[in-house]
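Input: a single structure, listed below in structure tokens.
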Amino acid sequence: MNLSTKFQGHPYHIVSASPWPFFLSVVLFFNCLAATLYLHGYKHSSVFFGISFLGLLATMYLWFRDMSTEANIHGAHTKAVTKGLKIGFMLFLISETFLFASIFWAFFHSSLSPTFELGAVWPPVGIADKTIDPLEVPLLNTVILLTSGASLTYAHYSLIARNRENALKGLYMTIALSFLFLGGQAYEYWNAPFTISDSVYGASFYFATGLHGIHIIVGTILLLAATYNIYTYHLTNTHHNGFECGIYYWHFCDVVWLFLYLTIYIWGS
């Protein structure tokens, strides 16, 4: 195989055929189906969800592996391609902003003008004495998430300064903090005195915080991929587009959590 067939001779982003978008859509469908069955109390639905979630992780790993090969071995991620990927990711974050804006809209729609069915008060009758104290686990999780943002920034600037060891240390700390945050969320859910079916308050609370938790899981996967690429010398101080996208995503989750903490945990309760 000569160089003309092994490397592309243009700077543009020509998408090669890949099975992973199709497989990702399939496993996402089964994830949603399993979650719906679990909420309706179907037997063995949690096992079904676990299997489908493992399929999601496997598909993401295989897709990331192919993208890493295209970028680091095939040389497909030229400056023009990298610029296009960054613009696409920024547009994706804008769409995510509107998604969370709709959730906050639903929350304020119910809380600013509570109906008679809710007792004309917020939190609703029966929930007011069950809300989660914002100065306990939520405050700890806020500190953890903001600290993870600082350690991730440290890792980024260490990579730019060609200090691979400190970049890895910063990423290790960020990933450890992300697991602590998810553990705090799981503990909070397990001990919460209300459920997702307890009025619009419970639905808004679990939908907003749960969706944010899913974003933290996805962000952790992105950072794990970046850690692997730095560890295997695939990323340099000038070539780390995937890592930068993961950083943008993580800081986006930080900002969303601050809004969640101030509105739902403090003001809303």
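Yeah, the Cβs are placed from backbone N, Cα and C, and that goes for glycine too.
Keep in mind that this is a model prediction, so the values were computed, not measured.
Copied over from Swiss-Prot, here are the features:
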- 19-39: transmembrane segment (TRANSMEM)
- 44-64: transmembrane segment (TRANSMEM)
- 87-107: transmembrane segment (TRANSMEM)
- 135-155: transmembrane segment (TRANSMEM)
- 170-190: transmembrane segment (TRANSMEM)
- 205-225: transmembrane segment (TRANSMEM)
- 247-267: transmembrane segment (TRANSMEM)
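Panel annotation: around the transmembrane segment (135-155), residues 166-171, 173-174, 177-178, 180-181, 184-185, 187-188, 223, 247, 250-251, 253-254, 257-258, 261, 265 of the same chain, lying at least six beyond its termini, place a Cβ under 8 Å from a Cβ of the stretch. Using a Cβ-Cβ cut-off under 8 Å and counting only residues 6 or more beyond its ends in the same chain, the transmembrane segment (247-267) has close neighbours at 89-90, 93, 96-97, 100, 104, 107-108, 132, 134, 138-139, 141-142, 145-146, 148-149, 152-153, 156, 174, 204-205, 208-209, 212, 215-216, 218-219, 222-223. Using a Cβ-Cβ cut-off under 8 Å and counting only residues 6 or more beyond its ends in the same chain, the transmembrane segment (44-64) has close neighbours at 18, 20, 23-24, 27-28, 30-31, 33-35, 37-38, 221, 225. In this chain, the transmembrane segment (170-190) lies apart from the transmembrane segment (87-107): fewer than three C-beta pairs between them fall below 8 angstroms, excluding pairs fewer than 6 positions apart.
Residues of the same chain lying 6 or more positions beyond the ends of the transmembrane segment (87-107) and with a Cβ under 8 Å from any Cβ of it are 204, 207-208, 211-212, 215, 245, 248-249, 252, 256, 259, 263-264, 268.
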